[in-house]
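Q: Sharing a structure with you now.
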There are 2 protein chains.
Amino acid sequence: MSELAARAEKLDATDELGGKRGEFVLDDVVYLDGNSLGALPAVVPGRVEDVVRRQWGELRIRSWEESDWWTAPERIGDRIAPLVGAAPGQVVVGDSTSVNVFKALVGAVRLARLTDPARDEIVVDATTFPTDGYIAESAARLTGCTLRPVAPADVPAVLGDRTAAVLLNHVDYRTGRLHDLPGLTAAVHAAGAYAVWDLCHSAGALPVGLDEHGVDLAVGCTYKYLNGGPGSPAYLYVRRELQDRFDSPLPGWNSHAEPFGMRTDYEPASGAPRGRVGTPDILSMLALEAALDVWDGVSVEAVRAKSLALTDFFLECVAEYVPAGRVACLTPVAHEERGSQIALRCDDAGDVMKRLIEQGVVGDFRAPDVLRFGFTPLYVGFADVERAARVLARTLA
Amino acid sequence: MSELAARAEKLDATDELGGKRGEFVLDDVVYLDGNSLGALPAVVPGRVEDVVRRQWGELRIRSWEESDWWTAPERIGDRIAPLVGAAPGQVVVGDSTSVNVFKALVGAVRLARLTDPARDEIVVDATTFPTDGYIAESAARLTGCTLRPVAPADVPAVLGDRTAAVLLNHVDYRTGRLHDLPGLTAAVHAAGAYAVWDLCHSAGALPVGLDEHGVDLAVGCTYKYLNGGPGSPAYLYVRRELQDRFDSPLPGWNSHAEPFGMRTDYEPASGAPRGRVGTPDILSMLALEAALDVWDGVSVEAVRAKSLALTDFFLECVAEYVPAGRVACLTPVAHEERGSQIALRCDDAGDVMKRLIEQGVVGDFRAPDVLRFGFTPLYVGFADVERAARVLARTLA
């Protein structure tokens, strides 16, 4: 056994989150794609079966009340809240991330204009996951704003009297770079604008601190580190002090103060439900609710500590095993700039990833030349990490 | 046995759709709330279990290709298409009805302005299900239009050079009135405007004929007569000739011509996928796909014929059994004006519905005074109808 393999064994033996792996359905594969689709929590299939067979099949329409379907969006939002550092009553689940980016960004522009109607610029992370950029462009067009794409580090320099809202990613989907949420949020506020954060690649992997850092609005998906299942509903956070002024561009009947009043005039609900739109997608939503059970007794700080230990160890193994010059790490080495993934630039990355997957190491490929490995601390161990680096080295040899 | 009960027995014996009831999970309850939440098709639980345990649990990320998750929105759209009279390639599934109303209505206004930028009015059914009105108000605000709510019958009189788009309901959610889709669509076109139809209360209950009548855009839910499950994803129809000009206000990465190119510039996909937004909600979507199996070998015309026979028979039973003056029918008697539900105005309707449900007859209550009974021809029989009227009469006696 190599020194690194022996060390992995020791690290796994003392891993305080090690027991969590048993709460997931996993096989012999090293699954490093939880930053794309989280593994299946073992509790989910039974709960989904109950939702389908009993709640839908037997109770049918009565389940909207008796099975508490109606309140699921805010109830599940409150389960996600502590994972992103939010007090209860500020997170609501539903719709896709893209749709929530639209709500948040148009909402942010409208908030800014309440005090200064002349603000007409939306700043967006130029390196963002594409959908945020496309939706930002649409939000700008529909609100009469100009869209200004800049790299996150350059955001403070472009903020000014005209800035209405800024849309940023907490962790870059491609490089795994962790952006400075507290600092950038403070800069946005200093300019009198509103900060919208996309947490897709950070929630469930590291502390976010939405309340602590005064973030205005945030969105995130639930199918990566939150393991909600393929395409499970996203969430929207609106800071409590802004809720009464939040003016959604998608005011569906579910966000009405009196949804069953069937009134023709729209009166927005107070609190988190104001972010709802149409009828919630119950099957997917209750699968997500079950999936969140794995967080019972888990601290996000412990998850972050293990995440950094895993990515550190992966970089060490790669440096030791992989022939020099075959890969270049795109992910920052500094802990305060690193999310929970490692992105390696590599020739023929698409082909290399295919061969890794054939050998039981599952990451993913992002065009044109990136191998992406996500480390989910709840179910990835150090022996997995050592094996992944070993297989990568063999593949590149 | 009463004459009506005997007739019900005979009608059930010769019902060509009678065998379909066995494809649903039903008990002794008379379920007349399928216009709110369709009953569970028996094939669904097993398919959902496979999606959760094998596709997600075992194949994980590979299922996006190997289980054809990625193409589900348009594949399932093509399963719905024949039920609404659309040729393949024009229907895409995803998001809620409210979100689809937003896409369709903003899209319709933009289409109108391509040839006449001065059009600045959206006409909306004043009696609509509230969410359509709220979303129409938002669409008007964001596109700089005036919103004009009028009763459907008065629509032709208000159309003009300024009309950009008209949003109408095929069947009124409250009264069950069926509106004149061919005639109103033609009137909208004669004014140079675009017609958007909400099919929530007609799709799966009666022929819609989207292609035949030249409807421009349409939306609908899938959890009523299509039995897709609670909050199952809605769909969007964009007529083929308009697809290349359809300009969605929600251009997410799933509607990009090259979604995995991760390009910063947005280039819309051609065809139905242009109506997609974010990552599709796979669990709910594949439950819907399974639910659509019950339509194999069923003609919408046969469904419509049985639906009218059921509602005719219900009205006859109510007239025979219920003391005169206790209820008043809000649903038109003329077949060409009737959907697949009967709405009865009644004093203390909320309380009456509670007592009906206690006695195994499930309809629903719509404030302030309406008893609503939906008739799903695939699983409601004539004996159910006779029993419902009998229990109603006893309750009101």
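Backbone N, Cα and C define each Cβ position, glycine as well.
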Q: Given TrEMBL annotates B:T97, B:S98, B:F129, B:P130, B:T131, B:D132, B:D198, B:H201, B:W253, B:T279 as pyridoxal 5'-phosphate-binding, which of B:Y223, B:Y321 belongs to that site as well?
A: B:Y223
Q: Taking the Cβ of B:T279 (pyridoxal 5'-phosphate binding site) as centre, how many other Cβ atoms lie within 10 Å?
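A: Within a 10 Å radius of the Cβ of B:T279 (pyridoxal 5'-phosphate binding site) lie 25 other Cβ atoms.
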Q: Specify the count of other C-beta atoms within 10 Å of the C-beta of B:T97 (pyridoxal 5'-phosphate binding site).
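A: So the number of other Cβ atoms within 10 Å of B:T97 (pyridoxal 5'-phosphate binding site) is 28.
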Q: Around B:T131 (pyridoxal 5'-phosphate binding site), how many other CB atoms lie within 10 A of its CB?
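A: Within a 10 Å radius of the Cβ of B:T131 (pyridoxal 5'-phosphate binding site) lie 27 other Cβ atoms.
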Q: Which ones, of the recorded positions B:T97, B:T131, B:Y223, B:K224, B:T279, are Cβ-proximal to chain A (under 8 Å)?
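A: Among the recorded positions B:T97, B:T131, B:Y223, B:K224, B:T279, the ones whose Cβ sits under 8 Å from a Cβ of chain A are B:T97, B:T131, B:Y223, B:T279.
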Q: Which one, from the binding-site residues B:F129, B:Y223, has the smallest tally of other C-beta atoms lying within 10 Å of its C-beta?
A: B:F129
Q: Roughly how many angstrom lie between the C-alpha atoms of B:T97 (pyridoxal 5'-phosphate binding site) and B:K224 (N6-(pyridoxal phosphate)lysine)?
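A: Cα-Cα, rounded: 12 Å.
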Q: Can you tell me the CA-to-CA distance separating B:F129 (pyridoxal 5'-phosphate binding site) and B:K224 (N6-(pyridoxal phosphate)lysine), as a whole number of Å?
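A: Cα-Cα, rounded: 14 Å.
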Q: Could you say whether, by DSSP, B:F129 (pyridoxal 5'-phosphate binding site) belongs to a helix, a strand or a coil region?
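A: Note: B:F129 (pyridoxal 5'-phosphate binding site) is coil by DSSP, not helix or strand.
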Q: Which one is it, among the binding-site residues B:T131, B:D198, B:T279, that lies nearest to B:K224 (N6-(pyridoxal phosphate)lysine) by Cα separation?
A: B:D198
